[in-house]
Amino acid sequence: MAVLGRLIILTIRYGSQSQICLAKTRPKLGFPRVVCVSLGCGQWSRPSASAKAFFKNKFLRPKSSFGGKVASMLLASRLRDTFPIYYGWIVVAASSTVVFARMAPAITTLTVLIFPMSLQLGWSRTLIAGSVSAGAIASLVLSPVVGWAIDRFGARPVLVVSVLALGAAMLSLAWATIPLTFYFAFAAGRVVFHTSAPIGVSTVASRWFIRKRGRAIGVIFLIGAVGGIVYTMVASLVVENYGLKATWIVIGLMVLVISAAPSLLFVAESPEDIGLLPDGDEPEITSDKSEAPIPDSSCVQGTPLSDGDHSPWLLSEAVRSRTFWLLVFMGFTCFFVHTSIGVHMGAYFRDMGLGATSAAMAVSVSWIVSAISSLVWGWITDRVQVRHAYCWVFLVQAGSTLYLLLAGGTMGVFLASALVGVVSAGSNVVPAVIYANYFGRSSLGKIRGLGEVGVLLGQATGPVIAGIFFGLQGVYDTIFVVFMVLALACSLLVLKAKPPARSKPLPAGSNVK
């Protein structure tokens, strides 16, 4: 290492290779900033995010610096070596509580409450289901903003604020006795459900894991499915015994108690921020003790990188690719069908003659199956091409919709609900993995934020259209057939969503500022 004024020249060695790294000191902050790395043959390029983060954390940064104070405030930097397992799994567990809380305004909770709300408040099913669409429309506007905020300020503050806002929204529903106030509060909760919770949590998991990304995201949505079970049963039991007002108060308090502290104390943005590597891998150390390697996932043997992780995409690049817009359309269709069925499933079961408790149990079965299926889908996405897994999601969705039309009796209803649970898990896990694998970690928040627009359009339009068909015909048969045809068509179309390729590769050194 050599220091020339404000310029630092450092040779980094990993394995049999070496790399020259240039950094500028930053007097006001007290630590250097990596500006470029050598690619050989006189060519230079901007360093990866992991290289910059490791350099900042490990080289020449005094503890009294601003960066040192920020790191010391993060509990994760002190606990990284405390646990017997890789700290990334602690981050997954902590962020999973947010996905658990996110289920408070889930469509399954509303499914259980839509019947008593209709009786007690005198509102139509279409009016109540419209609150889901209102939340989707609000999320449609805010999703790109949330994605930008996650990349700009970090997922942890966004998650903490989201949990507090969600708890307040659920509590306020206890006093929502007119449609306007109900729409405002429930839509606010649905914004968290749609945007900050899933985008923030899946972005964090994708930054901490590459090789085990599918499994990590599967665990997160397993906990979310457990939340769906818990909130569905709590809503059913409390509304039967204490009424609607008590139900919303209990749900709001659960959100605040369960999720606020873990997301604040244990979540770290990326492993490089606290001197670790994705998947818990170790950097290769050379025999020259005076020089240390930068733990960059691209330099670690045994960590196969997807194209997106090897060369992360910017949002401006992603929107110019055909694959991105194909994924947006897949998200629209998947959730156009899934959200419509989820919102109306409880009432559909009641129309078939099931009692309130039996209908709630049937809906809970979908969450039990979803919890188990989340791990299965995560395992699948780590072992097959993700677009093939997405194809299977659509095939199961078409089959479950057909079975809903043919189901009869209590056992038939429970089996139909179980198939819906399989789709629910796949629609959460597979898209989160495919965006990260295709477009990398550096701008994932922005890319997911814009990509969710398709999902939100589907969620905004589907339930209302299904409600209109029910209002006109008194049955769901026609719209269910439409759902089945859409799912079958997309099972073929999604196979064309191959990993994107840049039309014009950036020349070496073009990113150097």
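Every residue gets a Cβ built from N, Cα and C, even glycine.
In TrEMBL, annotation is done automatically, which means it is predicted and not curated.
Confidence across the domain 'Major facilitator superfamily (MFS) profile' (81-502), taken as the mean pLDDT and rounded to a whole number, stands at 86. Per TrEMBL, domain 'Major facilitator superfamily (MFS) profile' is recorded for 81-502.
Look at TrEMBL and you will find 86-115 (among others) tagged as transmembrane segment.
Marked as transmembrane segment by TrEMBL: 127-150 (among others). Residues 105, 107, 110, 114, 117-118, 158, 179, 182-183, 186-191, 193-196, 199-200, 203, 339, 343-344, 445-450, 452-453, 456-457, 459-461, 463-464, 466-467 of the same chain lie 6 or more positions beyond the ends of the transmembrane segment (127-150) yet place their CB under 8 Å from a CB of it.
Summarising the annotation, TrEMBL assigns transmembrane segment to 157-176 (among others).
Per TrEMBL, the feature transmembrane segment maps to 182-204 (among others).
Under the heading transmembrane segment, TrEMBL lists 216-234 (among others).
Annotated transmembrane segment per TrEMBL: 246-268 (among others), in sequence order.
The feature region 'Disordered' is assigned by TrEMBL to 278-298.
Packing against the transmembrane segment (324-349) from elsewhere in the chain are residues 107-108, 110-112, 114-115, 125, 129, 132, 136, 318, 358-360, 362-363, 366, 390, 393-394, 397, 400-401, 404, 413, 417, 420, 423-424, 427, 431, 434-435, 438-439, 447, 450-459, 461-463, 465-467, 470, 476, 479-480, 483, 486-487, 490, 493-494, 496-497, 500: each is 6 or more residues past its ends and has a CB under 8 Å from a CB in it. Residues or ranges marked as transmembrane segment by TrEMBL: 324-349 (among others).
Residues 108, 111-112, 115-116, 214-215, 218-222, 224-226, 228-229, 232-233, 235-236, 240, 345-346, 349, 389, 393, 410, 413-414, 417-422, 424-426, 428-430 of the same chain lie 6 or more positions beyond the ends of the transmembrane segment (355-377) yet place their CB under 8 Å from a CB of it. Positions annotated as transmembrane segment by TrEMBL: 355-377 (among others).
Annotation source TrEMBL lists transmembrane segment at 389-407 (among others). Same-chain residues lying 6 or more positions outside the transmembrane segment (389-407) and placing a CB less than 8 Å from one of its CB atoms are 330, 333-334, 337-338, 341, 345, 348, 377, 380-381, 413, 415-416, 419-420, 422-423, 426-427, 430-431, 433-434, 477, 480-481, 483-484, 487-488, 490-492, 494-495, 497.
Feature annotation from TrEMBL assigns transmembrane segment to 413-438 (among others). Sequence-distant contacts of the transmembrane segment (413-438) (same chain, at least 6 residues past either end, Cβ-Cβ under 8 Å): 198, 202-203, 205-206, 213-214, 217-218, 221, 224-225, 306-309, 313, 323, 327, 330-331, 334-335, 338, 341-342, 345, 349, 352, 354, 361-363, 365-374, 376-378, 381, 386-387, 389-390, 392-393, 396-397, 399-400, 403-404, 407, 444, 447-448, 451, 455, 497, 499-500.
The transmembrane segment annotation in TrEMBL covers 450-472 (among others).
Annotated transmembrane segment per TrEMBL: 478-495 (among others), in sequence order.
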Which residues, given as numbers and ranges, are at least 6 beyond the ends of the transmembrane segment (86-115) yet have a Cβ under 8 Å from it?
76, 79-80, 125, 128-129, 131-132, 135, 155, 159, 162-163, 166-167, 169-170, 186, 189-190, 192-193, 197-198, 200-201, 204-205, 208-209, 216, 219-224, 226-228, 230-232, 235-236, 239, 244, 247, 251-252, 254-255, 258-259, 262-263, 265-268, 271, 274, 276, 278-280, 339, 342-347, 350, 356, 359-360, 363-364, 366-367, 463
Long-range neighbours of the transmembrane segment (216-234), counting only residues six or more past its ends (CB under 8 A):
88-89, 92-93, 95-97, 99-104, 106, 108-109, 111-112, 201-202, 205-206, 208-209, 247, 250-251, 254, 360, 363-364, 366-368, 370-372, 374-379, 381, 421, 424-425, 428-429, 432-433
Would you say the transmembrane segment (246-268) and the transmembrane segment (157-176) are in contact under the rule of three or more C-beta pairs closer than 8 Å, pairs 6 or more apart in sequence?
yes
So which residues does the transmembrane segment (246-268) touch in its own chain, when a touch means Cβ under 8 Å and the partner is 6 or more beyond its ends?
74-77, 79, 87, 90-91, 93-95, 97-98, 100-101, 104, 109, 113, 155-156, 159-160, 163-164, 166-174, 176, 204, 230-231, 234-235, 238-239, 274
Intrachain residues whose Cβ lies under 8 Å of the transmembrane segment (478-495), provided they are six or more past its termini:
326, 329-330, 333-334, 336-337, 340-341, 387-388, 390-392, 394-395, 397-398, 401-402, 404-405, 465-466, 469-470
